[in-house]
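The repeat 'WD' annotation in TrEMBL covers 18-48, 108-136. According to TrEMBL, the compositional bias 'Basic and acidic residues' annotation covers 218-232. What TrEMBL records for 218-251 is region 'Disordered'. The feature compositional bias 'Acidic residues' is assigned by TrEMBL to 233-244. The coiled coil annotation in TrEMBL covers 395-467.
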C-alpha cells in the first residue's frame, strides 16, 4: 500500500516511496495533544501520521473497511490517546496509541451494515453509533477510578428507516441530532433513560423524536405590469388577475449537522437552492437564523477546530472551507464573513475528513481520491477573531509543559497496558450484532427449556420402562399357573391400535402428497413437450467436421397440421386418379 518506484531495467526491482492508504480515505482526525493525525481508509487500515515529519508512524490493519474515526473526548480518556473507529461490518473498535503501535481496548458490534457516524456526549457517559441500515445504537459507558472508559454496555437502538450520514449530541447531552436520507430529514432524538426501557427481549426501543421543519423564505414572483386600458373601457370590465402563488424552494437531503449551543445548530442540505450553504437554525423557528455561503457544491462535512475558533467545512466537490468564529459577551458564537476556500481534492472527490492540528498551525484534509493533504496556516489568518490568541497560546504552552511532566507517568501506564491481554477481536463478518445476540439468546433459552422438558420426559419413560421390565421378570419367575399372559399386562390395549392407525394414516397422506407432486410434475412436462416438441418433425441439428471448418445444419421443421395433411392426401388422390385415367386411355 503506497506509492512504489519500479526499475524495469533492474529485474523490476521495486522501492516504496510513500506509505499510504490503498483507495479512499474515509475519515481523519488530528490529535488534540500532539502533532499527529489519525486516518482511516477503505483498505481497512488505521494510520498515525506526524505533522512535523509528514510521515507515517505506525498503522493497524483490519479485515473490513474503516468508515469513520474520532479521538475520544477527555471525559472518556483523560490522556486523550484513544481512537474510536467504525468499520464496514458494523463493528466499533477503541484503539489506544502506545509507543509505536495501537492496542485494542474494546470491541463490539452494534450494527450489521457499515458504521456511518459516531458521537459521544460531552459528559462522556453515552456513545451513539449510526449505520447505513437506518438505526442508531446507544451505548452506556462506565469508567474506572482514573475516569477512563472501562466498559461499553448496550442500552438499545432506534430505527430511523433511512441511511444516516451525521450525528451530534447537544452540549448538555439531552438530545441527539441526526441527518437521514429523505427530503429535509433532520431529526432530534431525546436521550434514552435506561430505567424507563424494557430490553429483556430485544434492544429495539422507542424514544421521543421530532423532525426539524426546515423551510427557506418563500419567493413571491413579481406581478406582471397592469394592462393599459383602452378608451371606453370601464374599470368594472377589467378582470381581476390572480395573486401569484409563492414558490417554496426544494430543500434536499440533510447531509451534516453540528450543535452550536443548547438552542441552535448548523446544518447543510443538497437541494438546488441550499447546495453549498451552511444554515444556523433552531427548532423554535422553521426559517434559518443565519445563512453562510460556503461552497459551490453540497457541504458534506461540518466541524469545529479543537479550540472552537474555526468552523471547518468540506464539500462533495473537493472544496474545503475555513471560517473564523468569534465568541460574544453572552457566550454565543458569531461566524465571521471572512472565509478561506480552496479546491484541495479533485472536483469529483468528496471531502471525507478535515481538521486543524493541535496548535492550529496546519490544516489537514482527506477525500475519496485517496489523498491526505496538509496545508500550513499563515500567522495573519484569523486576525479578525477577538483577542484570545495570546491567552490561548499561553494555555497551550502550559498544557504542553504539564504533558512533559506527566510523560514518565504516561510511559509507566503504557508499559502496563502493553502487558495487559487484548480483548478478543471480531474478525468474522457474520458475527452476531448486539441485537442478533439478544434475539439468539432468547431463542437459545427457549430451545434449552424445550430440551430440558424433553430430557425430563425421556427420564420418566426410562423409569417406567425399567419398572415394567422388573414386573416382567417377576412374572416369569412365578409358577406357570400363576403367570399373567403378556396381553393382560397391557394397560391400554386400544392404544396400540390407535398408534398403528395414526402411523398408517400418515403414510397414506405422505403417499398421496407424493403422488400429487409426481402427477403435477408429469403434467407440466407433458405440457412443455406438447408445446415445444410434439409438433416438430425435425429438430435443429448441427454437425461439425473435425478436419475442416465446414458445418452442416438441419432446419427446425414443424409437422404438418391435420388440415394440411388432408389437403395433401386430396392432392395425391387427384394425381393418382389422373394417372389411372391416362393409363386407361392409353
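Just so you know, glycine gets a Cβ as well, placed from its N, Cα and C.
According to DSSP, the secondary structure content of the repeat 'WD' (18-48) in residues is 0 helix, 18 strand, 13 coil.
Residue counts for the repeat 'WD' (108-136) under DSSP, helix first, then strand, then coil, are 0 helix, 15 strand, 14 coil. Across the residues of the coiled coil (395-467), the predicted structure has a mean pLDDT of 75.
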